[in-house]
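Reviewing the structure listed below.
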Amino acid sequence: MGDITRRITRKSLKAKRKAAIKTIKAQAKEKIHQIKVDYSMDAEKKKEKAAEREHKRELRAQKANARLSYNARQPRPFTLGEDVLSSIANGIGAGLSVSAIVLLVIRAYFYAPAAQKSTYISTFAVFGSSLFVLHLMATLYHAISPSKAKKVFSIFNHCAIYLFIGGIFTPLMLARMSGPATTACAVLWGILVFLLVLYAVFGARLHSFSVFTYIVFAAIIIGLAASGTIALNFSSKVFLFAGAAAYGISLAFFMMRNFKWTHSIFHIFAIGAAVLVFFGIYNLI
């Protein structure tokens, strides 16, 4: 009886051992599978991260190349000395412009024909104000150290040229032009505002086009004055034509920006041209 009991006990232990081993093997197999899955996922993740890092490196390289290409297309940056000289010159121009406004308004008040006194006062004030804004923007542009703000003021500076062109046309057309002067002046200002907005949006990409438009408007003034459409006395005509010639000379220096000091010389000639144009407007009466 005891032998039978011992045999049953041994069989039971063997069965339990086999069952336990089987369970352990199953659990081990499952753990091994899980480890393989985990390591496989880590490898895939590593590949994804490596690919992502490589993609970011490529993007950075592309941006760096694009920046180098952009900078290569940009004109030569001004030296500190050039910016200082240009800023001082235009600061003097802005100060003279304030004096010009006062002198023009006084002359219009005391010497303009009674029927046109308000026209002369208002148009002279427009011209003087546009002259002041032009030189103020140029002063601020050159006074600011290279930064994003300088790029913004570069756009303001070029936009101010369109305002100045309108400021020249306004007294010539409203005070001395025959025919529908008011309509013609309104159309002109509409075109100038359109060009101003265009340059404000596209900036330096329209640099060459903007220079072309300045030349076109100068040619229009000369043509209207020469044809008699704008009636000018001899002194006004001489000063305005001399001013146009001086602006032409200054433009030559403006186009040679890549040579040192040429831009500062451009501003000096431009201020001289502005003085001549001032006397051309001043002598309209």
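Placement of Cβ uses the backbone N, Cα and C atoms for every residue, glycine included.
TrEMBL entries are annotated by machine, without manual review.
What TrEMBL says about this protein:
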- 84-109: transmembrane segment (TRANSMEM)
- 121-143: transmembrane segment (TRANSMEM)
- 155-175: transmembrane segment (TRANSMEM)
- 181-202: transmembrane segment (TRANSMEM)
- 209-232: transmembrane segment (TRANSMEM)
- 238-256: transmembrane segment (TRANSMEM)
- 265-284: transmembrane segment (TRANSMEM)
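The list of residues near the transmembrane segment (121-143) in space but at least 6 beyond its ends in sequence, with Cβ under 8 angstroms from a Cβ of it, reads 78, 82-84, 86-87, 90-91, 93-94, 96-98, 100-101, 104-105, 107-109, 112, 150, 153-154, 156-157, 159-161, 163-164, 166-168, 170-171, 174-175, 267, 271, 274, 278, 281. Long-range contacts of the transmembrane segment (209-232) within the same chain, counting only residues at least 6 positions beyond its ends with a Cβ under 8 Å from a Cβ of the stretch, are 158, 161, 165, 168-169, 172-173, 176-179, 195, 199, 240-241, 244, 247-248, 251, 254-255, 280, 284. Count of Cβ pairs under 8 Å against the transmembrane segment (84-109): among 181-202, 238-256, 265-284, the largest is for 265-284.
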